[in-house]
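S.K.: Provided herewith is a single structure, encoded as structure tokens, for subsequent inquiry.
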Protein chains: 2
Amino acid sequence: MARILDGKVIAAAVKQDLAMEIAQLREKEVQPKLVVVLVGDDAASASYVRSKERMARELGLEAEVIKLSADVSESELMRQIELQNADDSVDAVLVQLPLPEHIDTDWVLMGVDPTKDVDGFHPQNIGRYAIGSPLVWPCTTAGILEILERANAPVAGQTAVVVGRSRIVGWPTAQLLLAHNATVVQCHRQTRNLAEFTRQADILVVAAGQAGLIRADDVKAGAVVIDVGINRVDGHLVGDVDFDSVVQKAGAITPVPGGVGPLTVAMLMKNTVRLARIRRLTKEDER
Amino acid sequence: MARILDGKVIAAAVKQDLAMEIAQLREKEVQPKLVVVLVGDDAASASYVRSKERMARELGLEAEVIKLSADVSESELMRQIELQNADDSVDAVLVQLPLPEHIDTDWVLMGVDPTKDVDGFHPQNIGRYAIGSPLVWPCTTAGILEILERANAPVAGQTAVVVGRSRIVGWPTAQLLLAHNATVVQCHRQTRNLAEFTRQADILVVAAGQAGLIRADDVKAGAVVIDVGINRVDGHLVGDVDFDSVVQKAGAITPVPGGVGPLTVAMLMKNTVRLARIRRLTKEDER
């Protein structure tokens, strides 16, 4: 029976560490600040933003939400982002996605100052994946590393198989695992005989968005299985991994819900603190 | 016996196509121009730069070499690059590496206008690897794709194993193969049981810098083997692949020398033309 990697427990530990770190920063008169730009009144987006605000305040981070109407022009949105870029008290700028259709998302994300790019999506930041040292990794990817580290799962020299290559999860996660010296296999829709690869994985990350994609037969005994999928089946949330069968064979597994999900907002806070440290503390201060 | 993928023959075909394309561009009054910035008087660098100049002129490209002394200051080097960035007649700027030790290479490469970044090394360009659409791929990587395409080797759905993850060859090549829908395995020094992975490869790219690393036993029968290694052994140039044994088993193989090498300068020219098209032609012109 696999060890269950409980995201809520791990997120609580991350938050505890962060609260302490933020308190120490405030003693040095550094008050980390996150700004979230929210366009329109999509209920799901608004709810995500509220949970970010709530956690920020809980940890002693300053958080500000800038609400813009759904019909805001691209140039006005850009102007608001540039104000945040220019504001020295702001450490991190997050543009809540999705944006309305009349707005060019890529262009807007490129408008965020790369040193305040808390989501790690600016091309300048992605460009540093190649050398394994972006300022921050995207929140979900960072959460996966946090889970592996806190589960004491070795990464270097392990075979890591990532299923799915989305820009926000699969691809950056593969780059992060490579940066941590795993041998990395990137699988996707055009992969033939997916199971041939997944069966080789010491670490298996599944971010394909397809319920029941991975079953016990597809997993090596003892593997660490990270399920990033969120699918609604018969009114229930399930991952991409058939939990009930895989839990019998894997060495460790994240449940859905309650696995990777709870880490994401916590990692946003951690990224904010990291950007604040980089931007505001001199090497001297860090001693 | 494997088909030998002769880089000189392929490069000649690329050059023939390019000469025609450049002639057509000149009819539209577009004269593509490459500027090479050469710092110091390293003999090898100077020789590479001469071969770039020679090929450019042969194809009808304008090429200019800016020579700076080995003790040039970082700010003066930057100023020279900025002049080229600002010069509308310049399509492509290449800073010949290596730079002297007192100069921060990463910082200098970031100073090249991303739209003139003919080497594909600017973080903004690398950042577009994630979506599979950089303006250009680095020259060696682009040359590998050219070889695969001209050999009619399928890429999508194939298992591609890349050995080596350098920023200039291994890593971008893995990203390119992924962008072309291969299932990609990235191996490196910390990979255990390398042969277990290389034996799965339909396409095997070896860029490790270790003579004789890959032998017949390490290769699947019929595989396409691309050898990017250049090692000097007993006064001879050899690749990372034991050619004499692997040629008996592979389906196709690039020799060393005379495989990937001859493509690199040709791809620099092709990248220059591509940047000129993107920057100077409107959609209307491209019809």
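Placement of Cβ uses the backbone N, Cα and C atoms for every residue, glycine included.
Features from TrEMBL:
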DOMAIN    B:5-119  domain 'Tetrahydrofolate dehydrogenase/cyclohydrolase catalytic'
DOMAIN    B:138-277  domain 'Tetrahydrofolate dehydrogenase/cyclohydrolase NAD(P)-binding'
BINDING   B:G164, B:R165, B:S166, B:I230  NADP(+) binding site
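Show me how these features fit into the structure around them.
M.R.: Here the domain 'Tetrahydrofolate dehydrogenase/cyclohydrolase NAD(P)-binding' (B:138-277) is broken down by DSSP into helix, strand and coil counts: 51 helix, 28 strand, 61 coil.
Its Cβ taken as reference, B:I230 (NADP(+) binding site) is surrounded by 17 other Cβ atoms within 10 Å in the chains shown.
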S.K.: Filter the binding-site residues B:G164, B:R165, B:S166, B:I230 down to the ones with a Cβ under 8 Å from chain A's Cβ atoms, keeping sequence order.
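M.R.: Only B:R165 pass the 8 Å Cβ test.
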S.K.: Taking the residues B:G164, B:R165, B:S166, B:I230 listed for NADP(+), what is the greatest CA to CA distance in Å, to the nearest whole number?
M.R.: 16
S.K.: With helix taken as DSSP H, G or I, strand as E or B and everything else coil, how many residues of the domain 'Tetrahydrofolate dehydrogenase/cyclohydrolase catalytic' (B:5-119) land in each class?
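M.R.: The composition, in the requested order, is 60 helix, 19 strand, 36 coil.
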